[in-house]
């Protein structure tokens, strides 16, 4: 089973944008990518998800993250569905969608629930080193909240770049607002360093193990 922290498997996939090699197609450009699966083309919940993602596409790209979809449908089904979305909803889907019609990649990534033949609503966030940083699953009957996924991606980027952790509902946390959490001290020396930083006003603390600061 694939888990967070592992290298994304090297695979060649057929998509609506042609054949793509993952993760190289994105990592060689220095980009992160978001692989997400949907149960099936021409279904209502999936249509709302594709519409919602497309109108937020630039927000993902501003963070250096490229979406790529996947289902066990064939590529011609993807293309016809996208034509329908453009014609009926006025939105052109710009990101590629994998035609995993044999389910090989979906099986490898654990996207197909027990007893099912179609993919769940899985999301894999993969960084520019090809490492899986987050995995999220939704059931078929509940559509994803792309704004929450955007928050997750932004938080992962900040954590990677700044070496901090992000609290519940960041940047609207009920305790510390938009501030970020300093990793807990893991030695007596680090506890002293936290105390010194607190005395200088560089961080705030509820206790030695719960310190936070403004995002720099």
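Glycine residues also receive a Cβ, built from the backbone N, Cα and C atoms like all the rest.
As written in Swiss-Prot, here are the features:
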type	residues	note
ACT_SITE	46	active site, cysteine sulfenic acid (-SOH) intermediate
BINDING	121	substrate binding site
DISULFID	205-211	disulfide bond
DOMAIN	2-158	domain 'Thioredoxin'
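Across the structure, residue 46 (active site, cysteine sulfenic acid (-SOH) intermediate) and the residue listed as 'substrate binding site' are spaced 9 Å apart at their Cα atoms. Across the structure, residue 121 (substrate binding site) and residue 211 (disulfide bond) are spaced 35 Å apart at their Cα atoms. Sequence-distant contacts of residue 205 (disulfide bond), defined as residues of its own chain at least six apart whose C-beta falls under 8 angstroms from its C-beta, comprise 194, 198, 211, 212. All protein chains considered, the CB of residue 121 (substrate binding site) has 21 other CB atoms within 10 Å.
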